[in-house]
Amino acid sequence: MSNQSPTAQQSSSSRREETPSTLTSVSTNSNHTLQASSDDDQQQPQQPPPPPQQQQELPEFNLTNVLSDIKNGIWSLFNDPQVSNAIIVLLLFLESILLKIIITRVPYTEIDYSTYMQQISQIESGELDYSKIGGDTGPIVYPGGYVFIYSWMKWITDGMDDLEMGQVVFRWLYLVNLAIVGLCYLLAGGDGTGYGMKPVFLYLLCISKRLHSIYVLRLFNDCWCTLFAVSAIAILLFAVFVKQRGFGLANYVLCFIASDLLSVAVSIKMNALLYVPGFCVVLYFLNDENLLLCVLNAGIFVFVQVGMNWQFLEAGDEIRSNFINGAFNFGRQFMYKWTVNWKFLSEEVFLDSRFHTFLLVLQVVLLLSVLLLKWVSVKATGKPISQLIKDGLKFWSCTISPKHIIFDKRFGGRYVMLVICGSNLIGILCARSLHYQFLSWYYYSLPFLLSACSFPLIVDVALVVSHEWCWNVYPSTAVSSGVLVSILSLIVVRLTFVDWFKVIEQKSDTDSDETKKNN
């Protein structure tokens, strides 16, 4: 007996009657849909299946291919700038081992360190009069920065009792200097690719027997001067880097730091003044041709000098006068027997004041030549010299052209390095005398400058090897001096007339050709 009401039964019966009709309708619609889909599939052309991916075949393993790979690898180790980062790290590691071996196996040679210690001892005992301070090899002739550094060295080496510890300090000094120089080479992009210098020029940095001796077997103060000078160059290269990326304030701060570091270098030994002409030009452009900012940089330079030499400057008129005449004596007479660069002249000519005047005039002429032909050329500044002079009269304004080479991300650093190191090399060429330790003043820049000369590689290597031979002839001879002056003259003249930015044009042409091919 059913419990459903008549209405419910009628509703249920009605649903059962509708079900077949509904199924028929759905089936019919599905058939139409499938038929339409089938018709569309017949109308659309069928896409062929993608071809099977073919695995790239490796070159055949045979002697010819192995030798070719070895050849390409060796070529990269000497010519591929992209491996320079790793090469610098490798060179630092190898140099560290080599310096340890030198310190262990080669006897220390006493030249000036005992004199340094005697002079520092006299100053520490209260003597500040430079006319009364001296040692075995002569009177004191270096400014207050030298006194500060070698006061620490006296404490580290306990005077002359622990020279091995002093050699360890100079070993680290050599390695730090090499690391900073390597960084400068990479930032400057010496070969024009933007990846840094070719590794072969980095190897040339490390082949000088004389330079290793100057550091760990002699402990000369020239090495400290070079450290601060190179650090100033590195800071300016960083300033170029941030300037190119629009960080104006950071650029100005870095210029102040660079001025500080160069001033410290001058306070150690005044040969660092040779950098000043090129340094001022670079600062002028990094400060957007704003003379007021350049005056502030000059103020920093002077302030540091006063601070480093304060104990002698404030000790009375006589002590101040003797200090300035002793530490910054531009008329100092050098001994003919120690000169490395002018032995092909007679001693009479070497000591003649007219010869000294000639060298000074020559230095000015060479600096003016490279200034006009390279440092402030239209290719470098993006505007004619006449406009540069007019803009310079607006000393309160930033008038630098956006076309200035310093904004080029590949070659702005190269320009800075060539200007500053070129300025120093001109001073070296025109120096009244070079002593053996003076090699540390500029050797670090020699491979870079040669890379800019665009000589064939075999000529670069020959020049570096010949240059090293000149510095290892002891005592120097007329031949060794003549070869040295000839090499330095060749580099200076070449840098004055070679097109610094020719590589830029070639690189741009290559890039445009590749772009056309890709399009």
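For all residues, glycine too, the Cβ spot is worked out from N, Cα and C.
Because TrEMBL annotations are produced automatically, they should be read as predictions rather than curated entries.
For 1-10, 26-37, the entry in TrEMBL reads compositional bias 'Polar residues'. Here TrEMBL flags 1-57 as region 'Disordered'. TrEMBL lists 83-103, 169-188, 200-217, 224-242, 262-286, 291-313, 355-376, 415-435, 441-465, 477-497 with the feature transmembrane segment.
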Subject >> Positions on the same chain near the transmembrane segment (355-376), where near means CB under 8 A and six or more residues out >> reply: 277-278, 281, 345, 349, 385, 388, 418-419, 422-423, 426-427, 429-432, 492, 495-497, 500
**OP:** Compare 169-188, 200-217, 415-435 by their Cβ pairs under 8 Å to the transmembrane segment (441-465) and return the stretch that comes out on top.
**Re:** 200-217
Original post:
Against which stretches of its own chain does the transmembrane segment (224-242) lie, if we need a Cβ under 8 Å and a gap of at least six residues from its ends?
Top reply: 145-146, 149, 173, 176-177, 180-181, 183-184, 187-188, 250-251, 254-255, 257-259, 261-262, 264-265, 268-269, 271-272, 275, 279, 282-283, 286, 406, 412-413, 416-417, 420-421, 424, 440-441, 444
Original post:
Mind checking which residues reach the transmembrane segment (200-217)? Cβ under 8 Å, same chain, six or more beyond either end.
Top reply: 78-79, 84, 87-88, 91, 94-95, 98-99, 102-103, 106-109, 167, 170-171, 173-174, 178, 181-182, 185, 190, 223, 436-437, 439-440, 443-444, 446-448, 450-451, 457, 460-461, 464-465, 468, 471-472
